[in-house]
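Below: the structure, in structure tokens.
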């Protein structure tokens, strides 16, 4: 399969406009230029410098990632088919629709081909705009047609440069979020440096370019930055409206570009629910954010031709349940501590029950089964019952859906990110507990949320939001490695904010009786500067070596297969095989598929299980009948799957099929007592012997070191 081989030779103190001056900092303020005009100029200068650095660091990150991609594959030198093969698995499937739109004679015909597609799933016509999140490919194809770039920029470069450009926006949004939280752009600079030096754990865009998360996460970061600003107290009405607009647009674009949007926003809704229940942010602002989430999802639902999976999402059920519970349960935030605690537990129970009730009702009305594999996976993952379900086990056995590896923390510690994160997290968690206890105890408190009596600890609403956000997404990342990119990028933001926060250093210095306004200033600037110098000293040489290392794409077997398909099979031929390979077949050859990697449809999952019987212990006539039921003309067998050794016993694809079919697994090891020996040998092995029962149904037409292609007989 595809591999990579070595290429052949051929400072001043800043003042934030939104931070109210504290009495302890009066002396520091007096050192700033005096007079209203001077302060305004100083503020403008700070914003200009910080904004310029934000744009520069974002662009540099984008160029850095694009250069790594070029150096790793020699993308500018390889053939078109090799470029397309480099878009592995589902990435190739998504890119194929961009290519399809560009190859259509007109935009109208391109849209029609997506809405009435009969090549992605054989013998079926499906609406791709309803089934998949591919509006970004549609939009990009329209831009490429309209803009005057066709003469000097190939379509594939227009596509990948757009994704790398979004990475610039992503890093800039992280920078701004940290700046908003701490009040200094130095914090944003540190967050960006940490993002780059921890690249292995913060992004995978350079080798999975078309992946949905690479489109979605930049908009998610913009949304978090906008929410952080929105939760500040005493915003001007115009600022508040503009911020709400930014939140809505970023939430909508995030929802439109990733099929897992509803689960990420459910985590956000849980953050809002927690803070609202503990009186740590204004209820009216939480209501606005709940409403924006629902509105964005419903708008996406309309654009996706009323995709039932969106309507049946837990997020919509949860947010509606919160609104209903608020109406039913009055005076939630009054009474003594025990009284309020009891009301809070009752409120939590009511919202949970309403959420499950509404979700079940909606799913029964819509007859929705598209997301049941996710809940089967979660049930098995958290030990709520063993399962032999093929789909659930397919996820359980993938490393990306396993627990976060322990060596991740070693890499994060090398850059000091993990140590700084734990330091800041520990302090803010303690403060959050104190503030929550105070809020629950003091029901007569008439002060605004986030403010407490002078001399007590304080946690601003925007800080509280980012604290609970990082905790919940941390649990998500620890349980599912694929979701670590949502957490590690926010780790950079949260850790850098804490090291540059005057409130954090004030609390820490007061606790050890070393408080002094000058010391706060010294600590909040010297610590991040020292860390930046350390990062430059330790990682700059390695980054330069990485940029100078030249490799090239090398996958001759797959290239040979794609060229053979293009030259020797009819345009309307139907191909069966593994999901990952068939995505490449569609992109490189345009042939019709039996199945594909977009696994969010129940009928497709059933079809995939049937096609995968080519790797199970089944009779040739049974496999032939299953494949022909989907109109299959050719089947591609892969030695890397048939003789797989990458996964442990019980997690190889052939083992999952054996268990699902009730057959004993191959090789030494235990089997469940009720599993029985199969009546037939493994199909993918036995077919290569060219025995009469197999030759009667299958004729080998292509073979190399990796792939075997068989043509199915039609008269059986």
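Using N, Cα and C of the backbone, Cβ positions are placed for all residues, glycine too.
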In Swiss-Prot, residue 337 and residue 458 sharing a membrane side: yes
From the candidates 439, 704, the one which Swiss-Prot records as N-linked glycosylation site: 704
Local confidence of the topological domain 'Lumenal' (540-716) - pLDDT mean: 93
Which of 155-182, 240-256, 309-323, 415-437, 466-485 contacts the transmembrane segment (523-539) most, counting Cβ pairs under 8 Å: 415-437
Between residue 704 (N-linked glycosylation site) and residue 118 (N-linked glycosylation site), the C-alpha gap once rounded to whole angstrom: 30
Residue distribution over DSSP helix, strand and coil in the topological domain 'Lumenal' (360-414): 35 helix, 0 strand, 20 coil
All-chain count of other Cβ atoms within 10 Å of residue 704 (N-linked glycosylation site): 14
Other parts of the chain folded back onto the topological domain 'Cytoplasmic' (324-338), taken as Cβ under 8 Å at six or more residues beyond its ends: 277, 279, 344, 346-347, 350-351, 354, 437, 440-441, 443
